[in-house]
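**Q** What follows is a structure written as structure tokens; I'll ask about it next.
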Amino acid sequence: MSVDSTPDQTTGDGSNTEALPRRKRATLVDHSIRYGFLGLLLGLIVFFSIFASGFAGPRSAVFIFQSVAITGILALGVTCTLVVGGFDLSIGSVATSSMMLAAYMMVIFEQSAFVTIVACLAMGAFIGLINGLLIVKTRVPDLLATLGMMFLLVGLQRIPTEGRSIATGMTLPDGSTAEGTFSPFFLAMGRHRIDLVLEDLIPVSVIFLIVIGILVWIFLEMTRHGRLMYAIGSNERAASLTGTNVNNYKIMAYMISGTLASVGGMLLAARLGRGDIASGTNLLLDAVAAALIGFAVLGAAKPNAFGTAMGALFVGILLQGLTMMNAPYYTQDFIKGFVLVIALVFTFSLSARKAGSH
Amino acid sequence: MKIVRRTALAMVASIAASATLLSGGIANAEMPAPLDNPGDVKIALVRYLSTGDFFQAYLSGVEAQAEALGVDLRVFDSRQDAALQADMVDQAIALGVDGIVIQHGLTESMKEAAQRAVDAGIKVVAFDVNVENEAIPQIEQSDYLLGKLALEQAIEDNGNEWKAGYVYVPGIAPLDRRHVAWEEIKEANPGIEEVAQMGTLDNPIANSNANQARSVLQANPDISVFFAPYNEFAKGVKIAVDEAGMSSDVSIYSADVSTADIAQMREPGSAWKATVATNPAVVGEVSVRALAMMLAGEDPGAQVIVPPTLITQAFLNENDISNMEDLSAKLPQFAHADVAMTDWMPLPPR
């Protein structure tokens, strides 16, 4: 994936090649900006391989991927809204609502896995649609509209069960007992492992992450629609004047974000095997961090799918490595914040440099 | 296990006896003043924490006992806003309630508010928050005992030489109290070695802890016992143990219980061997009973401790228990705690 995206990125910021006299001096800086973050990622892997026992090896690699699968999928969704110059604060609560809905459909309504999946996806897309309409039609600023949606969903997901988690055998508000169970097929989404060289190696959720990552990457980088979304993000008015239906693309971005968040929620439900009440704030923050760190990858200085995936992986490797070295829990938030700040400095000093060189 | 069953039998007998006594009591409606006219008695529950199964169940216990007494219950919910919770005590005073149950909160913010309520002649009890006031009895579930019973079971099952993983987040009062038991057990059994400590309260808590525990198990494959003294922690550790394919090598001991946890513990080959729990609904009932005793001029004592119950995987399987209702039925000391009881006290129906 990195090989493919490099030439694409080079054409993307062609401004360097025009400033010929400065080119030699600039290459070193440009290189460090472009590959600095990937280098850091590599350094981190080497460091943990040496100092954290059990870190090196395919199984560790897989569970690091698994630990970031859900936030990674959410981060890819938020990337799509960042591309059109928006922001989706509701993804965390869409994910937890989707988890509750999945549990509710199977445990209380006793529906099949298929119906459950369709219902969750539909809910995610519908919430995205509402978000989009609020922003586009009623002109509520994106942060505020999605913040409102976040609170609304945090409350809404608790109403049907009166604030209780959903599990088979739970007592319902009317006094009866829930008899439904999670369908084995649905659980497999979060638990089944596919043999690859080693037995039971790759969890299905990791495959979800990789497939969704590639699809979002192709959509944003290769299709006309993706290009137009970037155009809207960089200059909405210009994009609109060239005949782009800005509103439709914006709504679409939020629908993608909502749908991906609902996928993340289903994976969460499948892994936990129950509907757990949770606000999803941590999911939101981790996903946003991954997407923002992604700005710095390959010197893109803009939201991009490959960067987001790398950002999620970066945070995952750091956290899992630190846990293996027995680092206390509070260092983890600190490190996460530190990496994010460094990545943002990378990104914004880079764009300032670009602007200054003209 | 034997002991549990024996006490269980004893409890059944005593409850059956007290139930017959009580039904007689209710029929005579011989409650002391002011409870002889319960419709005119107003009590308030002022909550700090409300989100989650535990707090939901606590509330249902408070409601059930208040209904059994026939008193008028008002619920104030500050949703983790310490300042608002103190204001709500003042609201309750202004409302002219006769008694207040303070549920959780911070000592600093609640101390003065609680004193104002006492000064206004209102009877107050506090659950799991120390308001540093001699006139206010503390209702507690013994977190220390929760930890201790779980660890004693771990030693009974695994001997006293093992490598342990431990899940802990400092600064959370109940976890800190459970931590004391862990320190003591380690002190008393030098063969128990804590090779890894982890833990996070990032929600969804089970998922975040599963990720961490997976790393810990990879780094320390020789861990044979995981002490995870909170059911969300245990749930996360169990996911990680399953994912690592180590279910037969690792035993998990925890605290607290819910319907979902029972299903987890009863899965074939589950690593989750035992948990120790106090029924939050019972704690809610005890809180109201202690308050009722004070209203009637009796003294429940400075500390009312609701004893915890050991629940093992074997017990759940033997009795085919699938949810909290079954558990209460099969383990009567879980359904009812014989504390803050008087001979006139009406109990909620079960």
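Each residue's number is its place along the chain shown, starting with 1.
Note that Cβ sites are derived from N, Cα and C of the backbone, with glycine treated the same way.
Note that the coordinates shown come from a computational prediction; the quantities given were computed from them, not determined experimentally.
Checked TrEMBL, it gives:
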type: TRANSMEM; residues: A:32-56; note: transmembrane segment
type: TRANSMEM; residues: A:62-84; note: transmembrane segment
type: TRANSMEM; residues: A:91-109; note: transmembrane segment
type: TRANSMEM; residues: A:115-136; note: transmembrane segment
type: TRANSMEM; residues: A:143-160; note: transmembrane segment
type: TRANSMEM; residues: A:201-220; note: transmembrane segment
type: TRANSMEM; residues: A:251-271; note: transmembrane segment
type: TRANSMEM; residues: A:277-298; note: transmembrane segment
type: TRANSMEM; residues: A:305-322; note: transmembrane segment
type: TRANSMEM; residues: A:334-352; note: transmembrane segment
**Q** Out of A:91-109, A:115-136, A:334-352, which stretch touches the transmembrane segment (A:32-56) the most, going by CB pairs under 8 Å?
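**A** Between the candidates A:91-109, A:115-136, A:334-352, the best contact partner of the transmembrane segment (A:32-56) is A:334-352.
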**Q** Would you call the transmembrane segment (A:277-298) and the transmembrane segment (A:305-322) in contact, using three or more Cβ pairs under 8 Å, pairs 6 or more apart in sequence?
**A** yes
**Q** How about long-range neighbours of the transmembrane segment (A:201-220): same chain, 6 or more residues beyond its ends, C-beta under 8 Å?
**A** 1, 5, 58-59, 62, 65-66, 68-70, 72-73, 76, 79-80, 83, 188-195, 226, 229-230, 256, 260, 263, 267, 270-271, 304-306, 308-309
**Q** Is the transmembrane segment (A:334-352) packed against any residues at least 6 beyond its ends, judged by a Cβ distance under 8 Å, and which are they?
**A** 33, 36-37, 286, 289, 292-293, 295-296, 299, 301, 311, 314-315, 318-319, 322
